[in-house]
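Accompanying notes for the structure given below.
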Amino acid sequence: MAKNLVIVESPAKAKTIEKILGSDFEVKSCFGHIRDLEKDDMGIDIQNNFKPKYAVPEDKEKIVKELKKLAKDTDEVWLATDEDREGEAISWHLCEVLGLDPHTTKRIVFHEITKPAIERAVQQPRLLDMNLVNAQQARRILDRIVGFELSPVLWRKMSMRNSLSAGRVQSVAVRLIVEREREINAFNAVSSFRVEAFFTAKDPQGKSMSFKAEGPGRFKTAEDAEKFLTQCIGAAYTVKDIQVKPGKKSPAAPFTTSTLQQEASRKLGYSVSKTMLLAQKLYESGKITYMRTDSVNLSDTALTDIKQAIDKNWGEKYHQHRKFKNKNESAQEAHEAIRPTYMENSSVDDSDTKRLYDLIWKRTIASQMADAELEKTIAKIDISTNHEELTASGEVLKFDGFLKVYMESRDDEDLTDEEEQEGVLPPLQVKQVVDLKEMKATERFTRPAPRYTEASLVKKLEELGIGRPSTYAPTITTIQKRTYVEKRDKEGVKREFRILVLKADKINKLTDAENTGAEKSKLFPSDLGMIVTDFLNQYFDSVMDYGFTAKIEEEFDEIAHGKKVWNKMLNEFYQPFHQDVANTLEKAERVKGERFLGDDPETGKPVVARMGRYGPMIQIGKAEDEEKPRFAKLKATQSIETISMADAMELFRLPRALGMFEDQEVTVNIGRFGPYAQHDKKFYSLKKEMDPYTVELDEIAPLIVEKRTAKDERTIKIFEKEKIQILKGPYGPYIKQGLKNYKIPKERIDHAADITVEEAKAIIEDVKANPPKKKAPARKKKTE
DNA sequence: CAGTGAGCGAGCTTCCGCTTGACTT
């Protein structure tokens, strides 16, 4: 038994630190928080100054028991949880649960897992900071109050039966997506004409080179653009002025959780949860530092390591020492930036993981490399027939610096037409005459802000100070699980644009077409998301305010600095908030999100789009009418807010009868699980590309045949009389009787085809006698 | 697996932030 017990949060960290500290220290992990508020009565005694009621969750009982035993048998316990609000609270909970005295127990912290940092920490222990702990308790209690008082309001006031939820973070995340969608829907594209002139000029060797120049501003109408081109007929073009300016580019800071998620999304197309899963693997195998961090800091040992790698690979002049500062004020910086643990270490097996590792490696290296040096050339070209001038600009890379390894990519929202890639200009001289090949005036349209991707939403949330590195990915999952938001693609629509071409002193008018509005893997709000957001905005504007989190974070900081009392702060928040909850419960109407579309031309009955119990739908006629109303479900891509009368009526064309196949009728419809065909009492899901409104019989027939053969292939053996089947599933062979499935014992799995009826029966009886353990949700208590 | 759509009411759901693990019928 070691003399000292050190407790950290992460088990991977525990292993590394144990090696550094040696045999006098045993290092254990508590796996994050070990206590949480009870679920009953919110776990808060509001009348009694918001006194929290904590409990050890079921899935933490085992580790708590183990820590208790170790703490008892050791001379001294050291609390080494992360140095932030949550970490301080975890240490305090450890004191409470392990029976340690918070006034004497040693508390140590380090921001990096390096030998000097840890040895230094052990020499300078401090005590628990109860102010910081209280700031965390205030944070936790406020979130519980908001979540557990708002969610039930939704259950009462929304007409849909989902398990709805609301919270300080998720509801604002949904709001961002809803508002962006409406901005896009309300957007009117305005067009203007941009002039580009294509020239040739001779270089000193007499070789002809072509280059491009931009026109003077933009023309609002085709007439203005044509007028300008007409003026240019027969003109001579002379270089009037050349300016050469040096420029530079600097590398981006090393990765934090949020920037890693953004770059992995843009460069590798990973979802935020995929990025975090792969990063976790890299962390656990010791390849990278901790992946949930908001710090851009690199440890001194890392800096030395990185410098060595740069010097070795590219030479000293590529190295530049840099210290990055966090832009984000809410950052708590308990860890380092995300970086490789050793720059030398680069063998990663799995290809997806390797691509992420390479990204981290390059970003880390680049962050300590020299600026890239550029030379920007701007040439003004005079037009002899009018007073206008054209501008040609070019860029030459003089020294590549960090660009040798890494260039940060951008969200398309940051890109404007002006920032398109600069080309290289031929070596021009003032007074040189250049030859115009052609001049084009192209119609261009303004674009609305793009929809959020998972990663750009994380970026926005971080800017607003909402959420933490450990919650970005789960938050994105939650709002999709609640069906407030859906990630999907959107097909673009064709749009024509005009081009005026001046060539050989003649003007030609052309039209071309482009695809516009196409989106890939973007977040779209559902009708439910919109309705819930509108409701919350109407009754709980303070919590829904984008500045709400920032405002209460300031107060948490004041608590942490001992300038404010935590339960007083909570009371100031709670009184008006709870009043809003009570008022809303009493006064607000049940929300249906109804929108009137028009009258049905056939019957004259009103047609409305609204939210039903099972989702958005169209209703013709009223419930109180003698004839029952007709209903149709909206397609996944349609929404109550934007659907047209014509599209709504179109939905009533289902179910469709397609004709007979093998003497049985084939019909198509859309069900709970999407479009399907029905034939001989059996169901067949339509393929993704099949549209139930237009699909033909000869497309369905192969589907029916295909399913039959697939079933044959899945079947290993059938015992007709006993209704027992031996089937091949995704996890290997299994036995099916009636509708129930039974697992085949390991030792028989390889010989599944040889199983006899008796054997199969025995296996079924056996499984029935010893039912496999169900993986019960960890938080639920067993009632048996 | 392929229904439904009004209203009532039983019994259920729900937050944010720390951290990994279990293992398919």
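Every residue, even glycine, has its Cβ placed from backbone N, Cα and C.
Across the compositional bias 'Basic and acidic residues' (A:326-338), DSSP classifies residues as 0 helix, 1 strand, 12 coil. Residues annotated as compositional bias 'Basic and acidic residues' in TrEMBL: A:326-338.
The domain 'Toprim' annotation in TrEMBL covers A:3-113.
Beyond the region 'Interaction with DNA' (A:165-170), the same-chain residues lying 6 or more positions past its ends with a Cβ under 8 Å from any Cβ of the stretch are 142-143, 146-147, 150-151, 153-154, 461, 466-467, 471, 475, 478-479, 482, 484, 532, 536, 543, 548-549. Annotation comment: TrEMBL describes A:165-170 as region 'Interaction with DNA'.
Following the DSSP three-state reduction, the secondary structure of A:His33 (site 'Interaction with DNA') is coil. Of all Cβ atoms in the protein chains displayed, 19 besides its own lie within 10 Å of the Cβ of A:His33 (site 'Interaction with DNA'). The site 'Interaction with DNA' feature in TrEMBL is assigned to A:His33 (among others).
According to TrEMBL, the site 'Interaction with DNA' annotation covers A:Arg139 (among others). The secondary structure of A:Arg139 (site 'Interaction with DNA'), as reduced to three states from DSSP, is helical. Same-chain residues at least 6 positions away in sequence with a Cβ under 8 Å from that of A:Arg139 (site 'Interaction with DNA') are, in sequence order, A:Arg85, A:Phe556.
According to TrEMBL, the site 'Interaction with DNA' annotation covers A:Arg140 (among others). The Cβ neighbour count for A:Arg140 (site 'Interaction with DNA'), using a 10 Å radius and every protein chain shown, is 20.
Other C-beta atoms found within 10 angstroms of the C-beta of A:Asp143 (site 'Interaction with DNA') number 15, with every protein chain shown included. Look at TrEMBL and you will find A:Asp143 (among others) tagged as site 'Interaction with DNA'.
The site 'Interaction with DNA' feature in TrEMBL is assigned to A:Trp155 (among others). According to its DSSP assignment, A:Trp155 (site 'Interaction with DNA') is helical. Counting only same-chain residues six or more apart in sequence, the Cβ atoms lying under 8 angstroms from the Cβ of A:Trp155 (site 'Interaction with DNA') belong to A:Leu164.
What TrEMBL lists as site 'Interaction with DNA' is A:Arg292 (among others). Annotation for A:Arg292 (site 'Interaction with DNA'): same-chain Cβ neighbours under 8 Å, separated by at least 6 residues, are A:Thr257, A:His335, A:Arg468, A:Pro469, A:Ser470.
Under the DSSP three-state reduction, A:Arg482 (site 'Interaction with DNA') is assigned to coil, being neither helix nor strand. Sequence-distant contacts (6 or more apart, same chain, Cβ under 8 Å) of A:Arg482 (site 'Interaction with DNA') comprise A:Asn162, A:Ser163, A:Leu164, A:Ser165, A:Gln170, A:Leu528. Among the features that TrEMBL reports, site 'Interaction with DNA' is placed at A:Arg482 (among others).
Long-range contacts of the compositional bias 'Basic and acidic residues' (A:326-338) within the same chain: residues 82-85, 87, 111-112, 253-257, 260, 279, 288-299, 302, 360, 364, 462-463, 465, 550, 553, each at least 6 residues beyond the stretch ends and with a Cβ under 8 Å from a Cβ of the stretch. DSSP states for the domain 'Toprim' (A:3-113), grouped as helix (H, G, I), strand (E, B) and coil, give 47 helix, 24 strand, 40 coil. Taking only the Cα positions, the spacing between A:His33 (site 'Interaction with DNA') and A:Arg140 (site 'Interaction with DNA') is 12 angstrom. Helix, strand and coil counts under DSSP for the region 'Interaction with DNA' (A:165-170) come to 1 helix, 0 strand, 5 coil.
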